[in-house]
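Visitor: One structure, as structure tokens, below. Some questions next.
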Amino acid sequence: MSAIVDIVAREILDSRGNPTVEVDVELASGAKGRAAVPSGASTGAHEAVELRDGDKSRFGGKGVLKAVEHVETEILEALQGAESMDQVAIDEAMIDLDGTPNKARLGANAILAVSLAVAKASAEELQIPLYRYVGGVYARTLPVPMMNIVNGGQHADNPIDIQEFMIQPVGAPTLADAVRVGSEIFAQLKKNLSAAGHNTNVGDEGGFAPGLKSADDALGFITKAVEAAGYRPGDDVTFALDCAATEFYRDGLYVMEGEGKTLDSAGMVAYLADLAARYPIVSIEDGLAEDDWEGWAVLTATLGKTVQLVGDDLFVTNPDRLRRGIKAGVANSLLVKVNQIGTLSETLEAVETAQRAGYTAVMSHRSGETEDSTIADLAVATNCGQIKTGSLSRSDRTAKYNQLIRIENELATAARYAGRTILKTA
């Protein structure tokens, strides 16, 4: 057991070249923990608030020096001498110090960086891995990756409305094999796109961002790449979508400019049901807008028995919004983004709330990432069985896959790859 003696913060860059917060926490024993926080492009209106400086003379107003200052003054003063392993008390102290419902005063970026760095320092103090410290002795499930190999929406400069087209190597025997399968398909997709005259530039999350105009185009290319790489769509590899529908929801309608469609909620549900009937799509994230609760109920009634319906902007990793969804029977899965809620303990509460209600949980990165691989450990710690951490390019994405490979290697025969156990059955 060791007390916090010092907290140091700094402004670093994320994968988009924007400033973010990194924090070092030092304990009396000399143990240290470091954490850097991500940021999102398509952010939910109900997320905890990132504090930005607003000084247009630095980083176009996106600087985080105010958040850094809050860490090194108010937060340090509140936590200095606190027991590092009392994570809930530490997180609650920062929440109380902030005094707002969405962490807007101190900044969720400041609070989260400290929260995660404290956990890492505590793990270092005990000389155990972070996944073991957070998850205990039964933390051993390696997650199925949702690999974002075609980017659209807010993550790419192309006409595709849907934000992410992902593959899941459910048929692989191990996590390391799943990463290999994904890499092989990604390489094949690059060849196919290039041969068809499309660019192979990558988007924020490392997937390709070709000038395709429809979901059918993207899914068609992915299907052919899976087959050409020697795998069977729907058996070895399943598909997942992140529609990020809030981004094209206007005045009660879903305006899909790339598709040339304007749909009401029922029309959007029918559109998604048609895609799921024609392709091996087993998971759809944010298929409807964050406050279209009635539409979500229809989507859940239509597809919820056979398709994982993931709430991201809908739930924003917030236990209260999740409980509302559970009570209403809306969605059946929670996307877990630590910076949406802003502390480790609240993140774990959200995962526990989901799992107790029979909802699945998917650990997730953000589009603006760093080399910090904490979410890989958290995916194993929570045994959630699924992770979204981008494509098979960009070191900010592959850092998480590499950490999962290390964890699987360390767990040895105790490791269990989730594989097909994540699939819903009618």
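From the backbone N, Cα and C atoms, a Cβ is placed for every residue, glycine too.
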Visitor: Which one, Asp216, Asp217, Asp264, Asp312, is listed by Swiss-Prot in the same Mg(2+) site as Asp242, Glu285?
Guide: Asp312
Visitor: The (2R)-2-phosphoglycerate site in Swiss-Prot includes Gln163, Arg366, Ser367, Lys388. Which of Lys190, Lys191, Lys337, Lys400 is also listed there?
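Guide: Record source Swiss-Prot; matching candidate: Lys337.
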Visitor: Using Asp242 (Mg(2+) binding site) as the reference point, find which of the recorded positions Gln163, Glu205, Lys337, Arg366, Ser367 has the shortest Cα-to-Cα distance to it.
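Guide: Closest by Cα distance to Asp242 (Mg(2+) binding site) among the recorded positions Gln163, Glu205, Lys337, Arg366, Ser367: Gln163.
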Visitor: Through the lens of DSSP with three states only, how would you label Lys388 ((2R)-2-phosphoglycerate binding site)?
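Guide: The residue in question, Lys388 ((2R)-2-phosphoglycerate binding site), is strand (DSSP, three-state).
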Visitor: Determine, for the Mg(2+) site, the additional residues of the same chain whose CB lies within 8 Å of the mean position of the CB atoms of Asp242, Glu285, Asp312; present them in sequence order.
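Guide: Once Asp242, Glu285, Asp312 are set aside, the remaining close residues are Gln163, Glu164, Leu241, Cys243, Ala244, Ile284, Asp286, Val310, Asp313, Leu335, Lys388.
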Visitor: Provide the number of Cβ atoms within 10 Å of the Cβ of Arg366 ((2R)-2-phosphoglycerate binding site), excluding the reference atom itself.
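Guide: A count of 26.
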Visitor: For Glu205 (active site, proton donor), which of these binding-site residues sit within 10 Å, Cα to Cα: Glu285, Asp312, Lys337?
Guide: none
